[in-house]
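> Shown below is the structure under consideration.
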Amino acid sequence: MLRQRPQLLLLAGLLALQSVLSQECTNYKVSTCRDCIESGPGCAWCQKLNFTGQGEPDSIRCDTRAELLSKGCPADDIMEPKSLAETRDSQAGSRKQLSPQEVTLYLRPGQAVAFNVTFRRAKGYPIDLYYLMDLSYSMVDDLVNVKKLGGDLLRALNGITESGRIGFGSFVDKTVLPFVNTHPEKLRNPCPNKEKECQPPFAFRHVLKLTDNSKQFETEVGKQLISGNLDAPEGGLDAMMQVAACPEEIGWRNVTRLLVFATDDGFHFAGDGKLGAILTPNDGRCHLEDNLYKSSNEFDYPSVGQLAHKLAESNIQPIFAVTKKMVKTYEKLTEIIPKSAVGELSEDSRNVVELIKNAYNKLSSRVFLDHSTLPDTLKVTYDSFCSNGKSQVDQPRGDCDGVQINVPITFQVKVTATECIQQQSFTIRALGFTDTVTVRVLPQCECQCRDASRDGSICGGRGSMECGVCRCDAGYIGKNCECQTQGRSSQELEGSCRKDNSSIICSGLGDCICGQCVCHTSDVPNKKIYGQFCECDNVNCERYDGQVCGGEKRGLCFCGTCRCDEQYEGSACQCLKSTQGCLNLDGVECSGRGRCRCNVCQCDPGYQPPLCSECPGCPVPCAGFAPCTECLKFDKGPFAKNCSAACGQTKLLSSPVPGRKCKERDSEGCWMTYTLVQRDGRDRYDVHVDDMLECVKGPNIAAIVGGTVGGVVLVGILLLVIWKALTHLSDLREYHRFEKEKLKSQWNNDNPLFKSATTTVMNPKFAES
């Protein structure tokens, strides 16, 4: 009972969720029962005749069941199809581990349907085990022990199942650089010790088809020789792909399939083939010829994801038997490949039988429930209720660990369609097992109404009644098929009910009857919809104090605009009509530079409230008023002859007043200083002018010329005097130097250039004697 409690809680949660969803229904643009069913899981359709009133749309028929009942629709007339699930149990005596085998679902859009799938782990289920071994030179000791494993492997399988078979295959790597040495001698014997007999390298060789003959296993494996390659990673993924893609060649039965992958190193994967100029992606197909993968140099290595998909598709559970240094690497690989296990292999593979037994027990005690590829319109989730008391809900796949023999576990599968789907099917299976559940999916979008007939009295003899709504014959339209199209298409008639091509018919608020909009009656009290295209109403206007247009005493709403009473104004009739707060001292509204709205000045750009009297940022028109200032004050200038006409708007003030100071030249070049005072209105100024003009006298030409000439002459004379003084000082300095040299001179009678013609030579021997 305790184990069933999570299931009961989940079912209660689902019912509560559906109850919440059933309280909502979006019925916009709904005209048929099918449209209603598609619009939401909480919608229902009332097929009662004459359920809609005058001017009401057919979408009124679509609502939640509670709302339809409250509107007077009898419960028998409410169409509310539900999602359903029908299951067919397996035949008695069948060894199927999954039940049921077939499920038929009728899916309504947005409404989930749930059904249970039970898995019961069978005892002694048949097993096929394929031993795939790395024959690179580093595995030479392992091969010796594997050659003796045939009997031990079969005995181990027979301890688990009544029917076990074993097979064998081997791999090295692609036979191109840089994976193997392509020197002809090295291709014949790739082993480092030339005296040792080795076989040429190869990608994958299928040695023995799955069999229950242990002697044959030992015989065929005993013929195998070690090989070799260059780099550390091996081509194991290539070999695994061929084992999964060639079921007939390998001899797989429709039973539990185990693939033991034995190696002491890593693996190449997609993209590594480019190192050997192999660019074509792996196609995931079988390419065995004479039990050899001869196309390995044409296709790149498979990706891990590609291999995982192929293994799952073929129901193959890999067991990675690897040495201690590679355990962590292959544990990462098992995180990507579902239903796989890793075991630590001894250096000489002595423990491989025990490793396989432990890995099988680990794999068979965990169950993953998954489904085949689905379209985007279908969503499948799983709730797992495991035998160990643990549960998971709303997961992308079912998952239970610690599964025991003959102890059932339950998965609740929930399927939801996002729209009305086409009839289709998919399969659910436990990964690594051959049993499947076939799920057939059909749409649940039609209403089984009772009134489908051609009763002439209902639709005027021009149509049939379907779910309470008339479906008119060709040439007639209208709620009761009362309108004859007279050769016009329905598109043409609908076009006259659209404001423009981008708008919807009758603004979505009316029905197009004979090319004219008949507006709906609104559910909102006192709301009236009107207009040629039903585009207007009497409530969608601005509100003041919580009421449309401030209430009926202030104004009424007409098609989005408030029409105010004579005493009120404003976009929402929020203001009394008054200008008292907008008048300046002279009684001018907003100083003539703005408009009074709601008793507040709305000033022209630049002018400041409250009365629009100042404009700090506006330029002062000093230059523009200079001619009028000159003629008004001094009776001269360009406007002297018609000053009163040209400057009639400008008043000359006799006393100084505060305003904008100006200083401009008059027509004679004199400076005028005056003050502009702005009056009410725009560009209207009074002016006060200072009495005195600032006139600058002309320059003295003679003084300027005389001074210039005199200055040039004086500069020339000064330069000559300086030059003369400098030359005199230089001559004086040279004269004094000459005098000093003269005093130092000593004269005699000898000619310093004369040399005597007589030469005297002394004999050194003569001196000694």
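Just so it is clear, glycine is given a Cβ too, placed from its N, Cα and C backbone atoms.
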> Looking only at Cys612, Cys618, which is named in Swiss-Prot as the disulfide mate of Cys615?
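Of the candidates Cys612, Cys618, the one Swiss-Prot pairs with Cys615 is Cys618.
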> State the disulphide partner of Cys582 as given in Swiss-Prot, choosing from Cys573, Cys596, Cys598.
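Swiss-Prot says the disulfide from Cys582 goes to Cys596.
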> Quick one: which of Asp58, Asp63, Asp264 does Swiss-Prot put in the Ca(2+) 1 site with Ser138, Asp141, Asp142, Glu347?
Asp264
> Return the average pLDDT for the domain 'I-EGF 4' (575-613) as a whole number.
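Mean pLDDT, the domain 'I-EGF 4' (575-613): 85.
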> What are the non-local neighbours of Cys459 (disulfide bond), defined as same-chain residues 6+ apart in sequence with CB under 8 A from its CB?
Met465, Cys470, Arg471, Cys472, Asn480, Cys481
> By the DSSP assignment reduced to helix, strand and coil, which category contains Cys631 (disulfide bond)?
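Where Cys631 (disulfide bond) sits, the three-state DSSP reduction gives helix.
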> Using Cα coordinates, what distance in whole Å links Cys615 (disulfide bond) and Cys622 (disulfide bond)?
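On Cα coordinates alone, these residues lie 15 Å apart.
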> Using C-alpha positions only, work out which of the recorded positions Asn254, Cys483, Cys514, Cys575 is nearest to Cys628 (disulfide bond).
Cys575
> Which whole-number value in Å describes the distance between the Cα atoms of Asp141 (Ca(2+) 1 binding site) and Asn229 (Ca(2+) 2 binding site)?
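For Asp141 (Ca(2+) 1 binding site) versus Asn229 (Ca(2+) 2 binding site), the Cα atoms are 17 Å apart.
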> With an 8 Å cut-off on Cβ distance to the Ser136, Ser138, Glu234 Cβ center, who else from the chain surrounds the Mg(2+) site?
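Nearby residues not in the site list: Asp134, Leu135, Tyr137, Met139, Val172, Gly228, Asn229, Ala232, Thr263, Asp264, Asp265.
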> Does anything in the same chain, at least 6 positions from Cys662 (disulfide bond), have a Cβ under 8 Å from its Cβ, and if so what?
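Within the chain, Cys662 (disulfide bond) has Cβ neighbours under 8 Å at Val620, Cys622, Phe625, Ala626, Thr629, Thr673, Tyr674, Thr675, Leu676.
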> Just give me the nearest neighbour of Cys559 (disulfide bond) among the binding-site residues Ser138, Asp142, Asp173, Asn229, Cα to Cα.
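Out of the listed candidates, the nearest Cα belongs to Asp173.
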> I need the neighbours of the Ca(2+) 2 site defined by Asp173, Asn229, Asp231, Pro233, Glu234. Which other residues of that chain put their C-beta within 8 angstroms of the C-beta centroid, in sequence order?
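Counting only non-site residues, the set is Ser136, Val172, Phe179, Val180, Leu230, Ala232, Gly235, Asp265, His268.
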